[in-house]
Number of protein chains: 2
Amino acid sequence: MRTAPRSQDLAHALRALAMDAVQQAASGHPGAPMGMAEMAVALWTRHLKHDPADPHWPDRDRFVLSNGHASMLLYGLLHLSGYALPMEQLRRFRQRGSLTPGHPEVDHTPGVETTTGPLGQGLANAVGMALAEKLLADRYNHDGHTVVDHRTWVFVGDGCLMEGLSQEAISLAGAWQLGKLTVLYDDNGISIDGPVRAWFADDTAARFRACGWSVIGPVDGHDVEAVDAALQQARRSVDRPTLVICRTTIGRGSPARAGTARAHGEPLGEAEIEATRAALGWTAAPFEIPPQIGAAWDQREQGAAAQAAWRVRWNDYRRDCPADADELERRLLGRLPEGFEIDWLRLLARTQQQGRTLASRKASQHTIAALAPRLPELLGGSADLTGSNLTDWPDCGAVRGGERGGRHINYGVREFGMAAVMNGLALHGGFIPFGGTFLTFSDYSRNAIRMAALMKRRVIHVFTHDSIGLGEDGPTHQPVEHAASLRLIPGLDVWRPGDEAETVAAWGHALMQADRPSALLLSRQNLPAQPRGPEQTAAIRRGAYVLSDRPQAVAVLIATGSELSLAMAAQQLLDQQGVPVRVVSMPSSTVFDRQDTAWRQAVLPPGPPRIAVEAGVTPPWAAYGCTAVLGLDRYGESAPGPELMQALGFTAAHLVELVRAEVARCPAGVPR
Amino acid sequence: MRTAPRSQDLAHALRALAMDAVQQAASGHPGAPMGMAEMAVALWTRHLKHDPADPHWPDRDRFVLSNGHASMLLYGLLHLSGYALPMEQLRRFRQRGSLTPGHPEVDHTPGVETTTGPLGQGLANAVGMALAEKLLADRYNHDGHTVVDHRTWVFVGDGCLMEGLSQEAISLAGAWQLGKLTVLYDDNGISIDGPVRAWFADDTAARFRACGWSVIGPVDGHDVEAVDAALQQARRSVDRPTLVICRTTIGRGSPARAGTARAHGEPLGEAEIEATRAALGWTAAPFEIPPQIGAAWDQREQGAAAQAAWRVRWNDYRRDCPADADELERRLLGRLPEGFEIDWLRLLARTQQQGRTLASRKASQHTIAALAPRLPELLGGSADLTGSNLTDWPDCGAVRGGERGGRHINYGVREFGMAAVMNGLALHGGFIPFGGTFLTFSDYSRNAIRMAALMKRRVIHVFTHDSIGLGEDGPTHQPVEHAASLRLIPGLDVWRPGDEAETVAAWGHALMQADRPSALLLSRQNLPAQPRGPEQTAAIRRGAYVLSDRPQAVAVLIATGSELSLAMAAQQLLDQQGVPVRVVSMPSSTVFDRQDTAWRQAVLPPGPPRIAVEAGVTPPWAAYGCTAVLGLDRYGESAPGPELMQALGFTAAHLVELVRAEVARCPAGVPR
């Protein structure tokens, strides 16, 4: 009969894997995994509910390693717990094509819940995941039926807590009373630049308490029993998220580097690894785990049992509440309701027929209101600009701590937090989150938008007040480079619709992209409806199409958003001058870029010169072969919108001039 | 003899101006100015040290309206205090060309210290200003000579405090022990979406205390005496910044709208303004100030006296410490030392001669080390990546609370805070701040970079790890779209130097741009030195130049940064194949864009096809006439850098193929 290994030895297994893998890669971060090893033992062997054989089991606890540079801790945990991550992959840490990249990547490694590395975002993702659990539990659990009941656990380091984003995340978690969220803080007092006290003197416990959190500790983060006890206590919290402060030593076990910044981001070196092995009493060879320790780590049996118990509950639920079971299942799979596309296309046709003059932000609100009733997964919100972004809809209710049933989130003035929480909602599953702010402030949330694109998650950003057309608020609020710069983020769809129909089309397209975030750039000011035949209406979703053609057109005018009507007006003036031009509406260049060559050439034929008009920076239009652009390569000004538009050259007359100059310079038919 | 008007009436003057100006503009935010009126009276008539006749007096107190939408409060204060802001300008609030834009803009309206509107940044700017004062006082005041001695005062609202950036700023202010920084919090419990308690439940006093601040209040923000007493107390703080919590009512005075979100962002309307006038007992016509009240507000006499007293001290200082006086004056004027340009050009020539192979981040560190001794205004720092960004230099010392003399700031993991604090340092004057992080995390600080460009301030961003070449850290850390997207920010210079000489050139150019921020994009990996003649070396500062030409070149290869050596290698291979090509190095397209047409055409002549190579997104190169680009329109991967570069196509052989295909498709000489 085998004696059970000590918890300490379980921790040493993680330490050994971390230092050996980093050494083998000659790159990586050994210090944090070695420092958090006991925290990980306490959580992963005693509390985390998961089924290594089925990383997608919907009622699993979520674990987020917010300090993603400690990736080897996570890979060690996944391997030892029994996920499909063989030792071979740990040996290939940070190598091309391995399942063990430098920072954890969701959908790449089984058991990784979110891609982390950019600090603070994992914590905010976790807040979104915990909120998702709470909202789904509120909605779908019924008396005698508990099918949604899991926790969210997060490891964070000093770095995450220095990031301002952490404040946005913890403030929201406190306000939402996310009792099932537990954060374990690896309080090792060291960041890359050295001992943190000179630049991070915060009383972190007091800060979290100030935000409505329950705080436990500091506990000895190297005492598995102490961490275990703290987690037990955390689980009893009802309406407060919990911070467990674990006092640890970075690089714990390394005689020469423990407790120093040198443990952070480079291999320990062969000699120091040998010394560490000796100090830990760890005799196994690199990448070898003694069988008893491996057995103690293996969570497959417990995981299967946990899921089996849930399956029983789920089957009862499916029997007693079939409609809810279907809906929840559909939502968790990320599938739109049967018939969604048809509903959307009907709405689009109806909208086109109505021909209303509306700001596209208002058109967006109408679209949301029309689609939301049949899309319970749609969860709106705004960073304290609800009445400006128009992200709410009738009877949407508000998400509030201690209340149930709301579908619109007041994120407060927290653009980055909103975006990162939305990523967490989307990662958890069951929701299509969307959130609004002014387009300029997409700068604040930019890296979270990028992360949604990198992670291929359906998150919809509603960015209103999309140009100098917003007027009086002035240059701080007037986007100039933002549309162009969002279009550069790989995997993000950017829409700038020109009227209500294009707005409906953009929303539908965004909702149907299950593996892609979208940004909708919307006007503050009214936009007239454009006439379209059914084929044109259908073509909006191709990103660009011919809105108004002329036989023997001698030039092509490409327009987006609020400048579409300007292009149409210019076309009319040019008609009078005997200069026939085609108007192409390009509400989404990113979607257009994915169309087949035939479509792209049909819309933008070789030959006639192309002129673009968009109230933003001009150079990117060269990529569409435009030789002239009516745009804006400077900051705006504070003035009434229409006056400003005119003063900065956005007039049909000016556009006509540009077109005529190009036509004169480059007659149609000359090959480009 | 006139009786002095009550403080209350001084406040009502601000209220009246705010509601009347917003009404006249039919746009703006009356609620915050009306709510903060008494706070403003207490500060501006009893504490703020300033000279309305000379807004540039160096030893003035700095006032920052972080909640910039309350701009009418500031315009009212400036007008009433006696700045060159006539009533005529207040009547033209938010109109084109007026001195009263929607949000306060520095250098546009006398007395405005920073451009605010994007929330949280004003607070962080103020932290930078207060740090600047402290560092200058430490350096230049001597026994018996106090020439730097002013305070920094900030108004913030709930919105600023919800932004995560506020946490970064207050944490730094606490760590730096900025005792002369006082923040007045307009605690009105209302944000745009309504009563904040549902989304902003923080105990703000506790949060600030947790960060080393002294907290006073809540006091009645409508009681001038109470606010005055709090400010008196704040002034006694030595090494803790102070938060004064002022409990106020938004839109105070408006019978129907006070205390509601409706007071926030729209005119009150004629009827409500009349009701407010009646309630306040304010009988003066719109834009009229009763003479007694105007006289009580006028601070010109006190301001002149304050400056006169300082001039006496300054003259003594100039007499006793002439070298320091000269240096301080030079620094405050933002002038580089005599001979700087010559020194720089010598360093450049020497560097070119040395021909070292170095990572450009290392080249940057050498440059800093070479230039810093003669540039005491240079103040470095890093967002906790000092050893990776290489922003420190020998004997630079560290900026620490309670210590003196350091010139390098450990900002902690606070990229946005770093950028916004640097803006504050630059706005204060006396410093050229630079700060480092990884290029990907420029996303976190993006709006502060934009604000530096909008405000035309010399702030230098050192962004290292500038491409997939960084290797193992993987796609979260590998910039792809960042170089291109920074280049879109109007007024920002972006440099991506290809070797040590170009790095030296970039640094010198950045330092010489007194009214422009710069971003230096630097490699983690080594870059070989390129050969250059003296004219070529001198031409680097033009942004792009011919690095290596061939007679009858049939194509032009444009390269930046680490891909420059790839272009040079491709040129050699093409030579062997009888395909002569020109290599253009373009370390800064933004600088190149400002060169005269002759230069631009000489570098990029019409005719031969152009092919660009840069490890980043490709579409922007169309603006330089490139018909093919070796770039990267997808996210990177975790793998060793050289392997990854090769796997993703960055090889000389691949570049050769591209060039040959373009030459075949588009023979030189055909007009473009």
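Cβ atoms here come from the backbone N, Cα and C positions, even for glycine.
Taken from TrEMBL as is:
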ACT_SITE  B:E415  active site, proton donor
BINDING   B:H29, B:H264, B:R361, B:S388, B:H465, B:D473, B:H477, B:R524  substrate binding site
BINDING   B:H69, B:G117, B:P118, B:L119, B:G159, B:N188, B:H264, B:F441  thiamine diphosphate binding site
BINDING   B:D158, B:N188, B:I190  Mg(2+) binding site
DOMAIN    B:358-529  domain 'Transketolase-like pyrimidine-binding'
REGION    B:97-119  region 'Disordered'
SITE      B:H29  site 'Important for catalytic activity'
SITE      B:H264  site 'Important for catalytic activity'
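For B:I190 (Mg(2+) binding site), the nearest neighbour among the listed binding-site residues (B:G159, B:R361, B:H465, B:D473), judged by C-alpha distance, is B:G159. By a Cβ separation below 8 angstroms, chain A lies close to these of the binding-site residues B:N188, B:I190, B:R361, B:D473, B:R524: B:D473. Proximity of B:D473 (substrate binding site) to non-local residues of its own chain (separation of 6 or more, Cβ distance below 8 Å) is seen for B:H465, B:S638, given in sequence order. The Mg(2+) site is defined by B:D158, B:N188, B:I190, and by the 8 Å test on Cβ atoms against their centroid, the other residues of the chain that qualify are B:G35, B:G157, B:D186, B:D187, B:G189, B:S191, B:V196, B:T248, B:I250. A distance of 15 Å separates the Cα atom of B:R524 (substrate binding site) from that of B:F441 (thiamine diphosphate binding site). It is B:H29 that, of the binding-site residues B:H29, B:R524, has its Cβ surrounded by the most other Cβ atoms within 10 Å.
The recorded positions B:D158, B:E415 differ in how many other CB atoms lie within 10 Å of their CB, and the one with the most is B:E415.
In the shown protein chains, 26 other C-beta atoms lie within 10 A of the C-beta of B:H69 (thiamine diphosphate binding site). If you check the binding-site residues B:H69, B:L119, B:G159 against B:H477 (substrate binding site), none has a Cα inside 10 Å of its Cα. Binding residues for thiamine diphosphate (B:H69, B:G117, B:P118, B:L119, B:G159, B:N188, B:H264, B:F441) extend across at most 34 Å, taking the greatest CA-CA distance.
Counting residues per DSSP class in helix, strand and coil order gives 0 helix, 0 strand, 23 coil for the region 'Disordered' (B:97-119). Residues B:H29, B:H264, B:R361, B:S388, B:H465, B:D473, B:H477, B:R524 are listed as the substrate binders, and the farthest two of them sit 48 Å apart at their Cα atoms.
Sequence-distant neighbours of B:R361 (substrate binding site) (same chain, six or more apart, CB under 8 Å from its CB) are B:S388, B:N389, B:L390, B:V462, B:T464, B:H465, B:L522, B:S523, B:R524, listed in sequence order. In the three-state DSSP classification, B:I190 (Mg(2+) binding site) falls within a strand.
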